[in-house]
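A short write-up of the structure that comes next.
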Amino acid sequence: METKFNSSILVKLLIVQCLSVLCAAQDFDFFYFVQQWPGSYCDTKQSCCYPTTGKPSTDFGIHGLWPNNNDGSYPSNCDSNNPYNQKKVSDLISQMQQSWPTLACPSNSGSSFWAHEWEKHGTCSESVLDQHGYFKTALNLKAQIDLLQILRSSGINPDDGFYSLSSIRNAIKNAIGYTPGIECNVDASGNSQLYQIYICVDTSGSNLIECPVLPNKKCGSTVEFPSF
């Protein structure tokens, strides 16, 4: 009887552990790794502000690493008990300032941007990545996927010129092996311009995959690639 009783308790404990830890690993299906072009962020009626560290380099910057579901929905703000803590990523700050700069106004250091990304999106992946792991994973992906070099190699340059959306998509697909999602915004003159690139990554944050669902973002068939 004692053995059966202890076994029953053990089973219940395992179920509770699964619900609290193991099952949480299934709370999303993949990541969108999103990079944005600063020239397009700034070239709008709203404009932009450079961070307190100065004008970012002429390169795509990280927007975020976003858990997503195969049906197009996504979790958000998953753990209010685990807010952004800059001390946990202190060794990454210089890389984040370079590769994950803020362009929001008023000018700031970037910490509010990173806090937003962790608290809205990162907390929904904490069954896989802790805070340090989340930001490090995004930085690793940025180092792996050099979008500006990929586009330049195909003759697509940030020179205020207009390029076909298909040529941009194909250049990236040929380089990384997977179809990207492309988001545009509109400049002060009303032109459609290349704004954000979405690339899909598995739940470990390590391997690129074909997107189960592409973001529903509208662009013109020809888009501007503004200078920065």
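Each Cβ is built from the backbone N, Cα and C atoms, and glycine gets one as well.
Copied over from TrEMBL, here are the features:
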| type | residues | note |
| --- | --- | --- |
| SIGNAL | 1-25 | signal peptide |
| ACT_SITE | His63 | active site |
| ACT_SITE | Glu117 | active site |
| ACT_SITE | His121 | active site |
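Of the listed active-site residues, namely His63, His121, the sparsest CB environment within 10 A is found at His63. Spatially close to Glu117 (active site) yet at least six residues away along the chain are His63, Gly64, Leu65, judged by Cβ distances under 8 angstroms.
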